[in-house]
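See structure below.
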Amino acid sequence: MGNQAGSKTKLVIIQGPTASGKSELAVRLAEACGGDVVNADSMQVYRGMDIGTAKPSPELVARVPHHLYDIVDPDVNFTAADYRREAGRVITEIHSRGKRPILVGGTGLYIKTLIGGLAPSPGADDTIRAELEEDARSEGAAALHDRLAQVDPAAAARLHPNDRVRIVRALEVFLMTGKPLSEFQEEHRFADEPYDCLKLGISVERDDLYRRINERVNRMFAEGFVEEVSGLLNAGYSPDLKAMGAIGYKEVCAYLAGTCSLDEARELVQRNTRRYAKRQLTWFRKDPAIKWVEYPANFDSISTIAMKFFG
């Protein structure tokens, strides 16, 4: 189906900031092209974290096969290397059935790792790392993310503001070498990229995107987000887990601990999500391979582009 013997597997990648409509576009394209949807969002891999990660609705999931959602528990440290392995396996399986893989997500690091591999980077410095870990505990991961944005904006744009492990690592590399981690990654040229990719980015006006984000967060709280977080805590998952430090979960944990009001938590989730979306856009805009499209306005032309690509 559009892949000649010996040629690379064709892969459509739908990117864009949070709340831009990626999940629905992925399903509609999969229906039009005879495809399966593959998750590329670092938070949607976790079981039991549904509302706060804005997983595709049961109605969307019922329309076409979805892969790599709900695959690990929240206390598992699921890395970009883990993702590359699992996604590669799933894409091979989809292709073997004569179906077409449609990758969808906002985690730039996952997508970059899948299609290009992991770049070599310097070793570790235990002293520097210990100091950064202490800063993360006292100031919070978001403060370190702001610090990273000053010295390595490309890495900061790619990482969740609460992704403490990777933020600490990026700062550690810079403090050790004086060189941004993103530069090490940029210098890493991939001898054999395994996929022939069509990257589609959903273009959204910033004001419209921020409005969508605010509405989505209100909807999340109305649909039981606080109860979801409370259930995870009651199940024994620590608020200190990497997954529980994600935007939304961290703020609701603070509300449940009594350190802020419900309204304050909601407003913080909205603000932090808007900031994250802005950084996602910064990251995606730097990729000249992304073809920007308007959705849902131009679905027919998007579908035509994808069909022509698959052949």
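Cβ coordinates come from backbone N, Cα and C, glycine included.
Annotated features, as they stand in Swiss-Prot:
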BINDING   GLY16, PRO17, THR18, ALA19, SER20, GLY21, LYS22, SER23  ATP binding site
BINDING   THR18, ALA19, SER20, GLY21, LYS22, SER23  substrate binding site
REGION    41-44  region 'Interaction with substrate tRNA'
SITE      THR107  site 'Interaction with substrate tRNA'
SITE      ARG129  site 'Interaction with substrate tRNA'
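With a threshold of 8 Å between CB atoms, the same-chain residues lying at least 6 positions outside the region 'Interaction with substrate tRNA' (41-44) that come near it are 52-55, 68-70, 78, 83, 104-107, 109-110, 160, 163, 243, 246. Each of the recorded positions LYS22, ARG129 was scored by other CB atoms within 10 A of its CB, and the lowest score goes to ARG129. A simple way to gauge crowding: the CB of SER23 (ATP binding site) has 22 other CB atoms within 10 angstroms, across all the protein chains here.
The residues near the ATP site, meaning same-chain residues not in GLY16, PRO17, THR18, ALA19, SER20, GLY21, LYS22, SER23 whose C-beta sits within 8 angstroms of the mean position of the site's C-beta atoms, are GLY106, ILE202, VAL204, in sequence order. Within 8 Å of the centroid of the Cβ atoms of THR18, ALA19, SER20, GLY21, LYS22, SER23, where the record puts substrate, the same chain has further Cβ atoms from GLY16, PRO17, GLU24, ALA54, GLY106, ILE202, ARG212. Rounded to a whole number, the distance between the Cα atoms of THR107 (site 'Interaction with substrate tRNA') and THR18 (ATP binding site) is 10 Å.
The two recorded residues, ALA19 (ATP binding site) and ARG129 (site 'Interaction with substrate tRNA'), show a Cα separation of 34 Å. Across the fold, the C-alpha of THR107 (site 'Interaction with substrate tRNA') and the C-alpha of LYS22 (ATP binding site) stand 12 Å from each other. Ranking the recorded positions THR18, SER20, THR107 by how many other Cβ atoms lie within 10 angstroms of each Cβ puts THR18 at the bottom. Residue counts for the region 'Interaction with substrate tRNA' (41-44) under DSSP, split into helix (H, G, I), strand (E, B) and coil, are 0 helix, 0 strand, 4 coil. Over the region 'Interaction with substrate tRNA' (41-44), the average per-residue pLDDT in this prediction is 95.
Between the CA atoms of GLY16 (ATP binding site) and ARG129 (site 'Interaction with substrate tRNA') there is a gap of 32 Å, rounded to the nearest whole number.
Put simply, ARG129 (site 'Interaction with substrate tRNA') is 36 Å from SER20 (ATP binding site) when counted between their Cα atoms. Within its own chain, GLY21 (ATP binding site) has ILE202, TYR295, PRO296 as residues 6 or more apart in sequence whose C-beta sits under 8 angstroms from its own. Listed in sequence order, the residues of the same chain lying 6 or more apart from PRO17 (ATP binding site) and placing their CB within less than 8 Å of its CB are GLY106, ILE202, VAL204, LEU209, TYR276, ALA277, LYS278, GLN280, LEU281, PHE284.
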